[in-house]
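Per TrEMBL, the features are as follows:
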| type | residues | note |
| --- | --- | --- |
| TRANSMEM | A:12-37 | transmembrane segment |
| TRANSMEM | A:66-84 | transmembrane segment |
| TRANSMEM | A:96-114 | transmembrane segment |
| TRANSMEM | A:120-141 | transmembrane segment |
| TRANSMEM | A:150-172 | transmembrane segment |
| TRANSMEM | A:202-221 | transmembrane segment |
| TRANSMEM | A:250-268 | transmembrane segment |
| TRANSMEM | A:274-296 | transmembrane segment |
| TRANSMEM | A:303-324 | transmembrane segment |
| TRANSMEM | A:330-349 | transmembrane segment |
């Protein structure tokens, strides 16, 4: 008989070992799935994890992609993690990401075609504000009317997607685009371009912002009283009240940070890798960031590593579907397994497994 | 000598790192009230759980009426004639008495047959109870009766009662004792767990005293003094707290017409509560939990805000200020619930020190935490209050209840508050630690702080308070000097007869 025995306190070793174990289990289960699809599992795993970084043919293209994809994931996940630790569930980062991109792009395009150095910083600020405002909607509805922030923030994603489609064919459409939907190319306009800072590395301002966000979140969580209050509110709401934490203010704070960071991710994306506002500009970074946040144990450094790993499975997954003809759905299932196994083995942090006879206690 | 009802021989139960029961032997005779005495951690609960089939012993044997008895589950224990009333009730507040009783039975009859049986049993044993009442509306004493009746319906030969009087008023205690004596006279044996020594002397025929998991003595309680029993239980002489009586003519905190609606459906309200606490004084507030105790503490702590002017300290209106602002002003509180309210289980003791001491102890400057200072503060509390823990890095949830209680009370006392309000300061704490906490509260008052002690433990309140009042149904009685109050007078105050006489000592 196997029984779970609650640990007196969470195991630090397992808190760090479970993500690694989850990755291993994902590789095993993923291999079985690929084998069941009639693909060579070893080649598939190699294509996903190894080729994007080291294959002589593809690495030149895919290695910079690692930072390009990891940047927004880390930036968004870092903000979300603060809220998740406090028990504030912002599921709508995708919408805040879109609104950041729209607000930032609009601020820049309003000044087109002026060439000035202040335009890009202005767009960045407008992007952060766009994400922030979108996040304030669920935050204020929650604190004023006690609505469920999970539902409101999630549903606002679909509102944002429709707004995106609307501006892509309306207000922000490129007047010189021959009627095609989509804005002017912001990456090709010097004043707004978020170019690679070091050639062929994928390092752009969004990646720099992500690293700053990680450092900021680490200091906040581990050196600042707000960090203790965030953890308190998540673990023991009554104790947080006892400590003098105002729960409403904390909800607003967590939504503000996560919304602004998602907005920043949006504006850095639209001015760099994406280049323009288009109908399908968003590719799900806001949702994947939720997985990244948990894969990284809601810890800033963990998120940094998890973001890179997640980006790798994205790039590798694309490569695998292109090279080996693995269906995109299988790649998504593979990524889903990662979160599944992570949550499943998470139990080891709080419980130890005991083999042997059943014992009542 | 008659054959014992339950013979226990060499029972041993070890958990990783601790031997809870080591070679425990005792005998319970038919028709006796047998006391099981001991401090927290002495092994009382483990022993009782083995008798009730919740825990299996590692070694030893039990015999019931001469036949081997080794229950593997509470159902088996009940079938063998053992019933147990737990300290914490397992009742559903939204259901009525009969439904709750039915839920606790393995094969319940239809409610319409059950209700008359409940009425019969409750009447014949002097436990007034209406089967149709909703449990959420019942007092703690009535809830206990539901549990007792549930056991009695199974006609047990042995009834185990775990700290049954901790939630009762003196009158309710008398009623319970009458019931237990009636049961005894009918031949039912009762295993009575308590650390209230006077009660045991009044009620029990025999006592077995546990210390550190072993039986250290058995005796006839009526032939011993309470002091002697306590010494055997603790293993050393206990000092009664010194009460210097240091109240000064200087108001520390004043509550004026404080009224609050209940926070949730089964919560209590506060109705026009007023009191004046002087510097150097200890006010005792008695009453059964659930009568506004938590609400009063929350209102003083600043977790609940009250109408302007209702709470004043040194002329300053604190009613609309939050917990942090009140702490800055010198008003500190320690809530009843240790885990989840006074402390967060997964945070370390060092991190938990920040909950209330961040500002006053200057553990934080401009929002940034001085971890080494915080750790030193936590270690100071651990040393001074003898908190048994591997270190300040241990999670609060890993501590035993009594040790965590010492930490959360110590954390407030160590900050030398101007006013300290504590709710159930020694609940679940062993005698030696309780004495330490009470002495620390009195020392705090001797140094000029005002202290309010909210407690269900009347002995404790009589020991520490200068003045005493009862909080019942959200109303606070007049304060009377604690010295010279009789149990009857306290009982009347707790019963809600507030206007019995105009004498008061404000």
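Cβ coordinates come from backbone N, Cα and C, glycine included.
By number of Cβ pairs under 8 Å, the transmembrane segment (A:150-172) is matched best by A:96-114 from the list A:66-84, A:96-114, A:202-221, A:303-324. Of the candidate ranges A:120-141, A:303-324, A:330-349, A:303-324 has the most C-beta pairs within less than 8 angstroms of the transmembrane segment (A:274-296). Touching of the transmembrane segment (A:96-114) and the transmembrane segment (A:250-268) is concluded from the presence of at least three CB pairs under 8 A, sequence neighbours closer than 6 excluded.
With respect to Cβ pairs under 8 Å, the transmembrane segment (A:303-324) is most closely packed against A:66-84, considering the stretches A:66-84, A:250-268, A:330-349.
Per-stretch counts of Cβ pairs under 8 Å to the transmembrane segment (A:250-268) identify A:120-141 as the leading one among A:66-84, A:120-141, A:330-349.
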